[in-house]
Amino acid sequence: MAALQNISSLHLLLLLAFFSFGGLKNTASATVFTFLNRCRYTVWPGTLSGDSSAALGNGGFSLPPDGSTTITAPPGWSGRFWPRTGCNFDEAGKGVCTTGDCGGSLNCQGGGTPPVSLAEFTIGVSGTSNEKDFYDVSLVDGYNVDLGIKPSGGTGNCEYAGCVTDLNGSCPAELQVIDSGNVVACKSACAAFSAPEFCCTETHSTPDTCVPTRYSEMFKTACPTAYSYAYDDASSTCTCTGADYLITFCPSAA
């Protein structure tokens, strides 16, 4: 599926050797996502591919504290990743998560139930007018775990994107999701109140009419490089060309 799978074994070994000695990533190859969990608890990342593409990482997997894993995406891939917490799955991969649940399955077939922190990507295609990768961390669907995106081996702006603040500790009471007496997630104002001014709908459906609110400004102050509401593009969308990406859960704990 990925371009690297069509390369001969010898050529692949040469490429891997080249990369390991500091060469730039071949932008025609698959993009490598490395997931690192710095939280003190297990996180179950969920994955969702756009345009009916095959799910990466089988749709989801378990990542213990200080654990890491890698998955690859082909050129042109788009989708999102999010952390799930408090999950319990049986041997068949069926169960439930306290936050970010995706239909009670380890291997997600759809998106995570808000509130969830999102890492969103659109991967470019080398040699075309769409070479650039676009990526962001979004709190538009709320927040459950702090996370960061760090590109490597690419060219261009290639900025760090993330929310490295624990928003559960400062979440207003009206937005809190509580489990067993603890705040485990922080809702978006849209999810909490379903009002057009918070959801950017109806008469507030354009960039001119949907403006920051005190709730989105709270998210933005805590996490300046993350999307805080639907039209927060200017300070929240990052670009890079030909990079691989490190996605860290609880980067502030590193």
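Glycine is no exception: its Cβ is also placed from the backbone N, Cα and C atoms.
Each of Cys108, Cys158, Cys163 is a candidate, yet TrEMBL gives the disulfide link of Cys240 to Cys158. Among the candidates Cys186, Cys210, the disulfide partner that TrEMBL records for Cys200 is Cys210. The shortest Cα-Cα distance between Cys158 (disulfide bond) and any of the disulfide-bonded residues Cys97, Cys171, Cys186, Cys250 is the one to Cys250. The separation of Cys87 (disulfide bond) from Cys186 (disulfide bond), Cα to Cα, is 18 Å.
Ranking the disulfide-bonded residues Cys171, Cys199 by how many Cβ atoms sit within 10 Å of each one's Cβ puts Cys171 at the top.
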